[in-house]
Amino acid sequence: MGLTSQLIPVLVCLLVCTSHFVHGHKCDITLAEIIKTLNILTTRKNSCMELPVADVFAAPKNTTEKETFCRVGIELRRIYRSHTCLNKFLGGLDRNLNSLASKTCSVNEAKTSTSTLKDLLERLKTIMKEKYSKC
């Protein structure tokens, strides 16, 4: 009985420590995969890279990082659902971003300036590399 009461705090501590390790490790894996996909996409010469997208980074200052990632996901979905190019990469990028994004957001295309898909992906790559360096 004495051993069990001493063992419980140790087991709880180990559980907490490993959950923090796994969470940090997942962050590294997801970000690394996003950056790898962005590197592939931004080096491709493809007419889809010149498609117009809403400039989701031109959001108000109080927009959270999670909202920004959500907005990027919306634009990626709009592209890969309506065009047949780069579907595999854009779909995978969307799925990975979804794990870092808030669940709801909106992109008001009427009020936002436009950019190209290539510009959006280049800017996202810069943000993700910075985030990865802090992970």
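Yeah, the Cβs are placed from backbone N, Cα and C, and that goes for glycine too.
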Disulphide partner cysteine [Swiss-Prot] for C70, chosen from C27, C48, C105: C105
Second cysteine of the disulfide that Swiss-Prot assigns to C48, among C13, C85: C85
Spatially closest candidate among C48, N62, C85, the listed recorded positions, to C70 (disulfide bond) (Cα to Cα): N62
Distance from C135 (disulfide bond) back to C48 (disulfide bond), taken between C-alpha atoms, in Å: 32
Shortest C-alpha distance to C135 (disulfide bond) - which of the recorded positions N62, C85, C105: N62
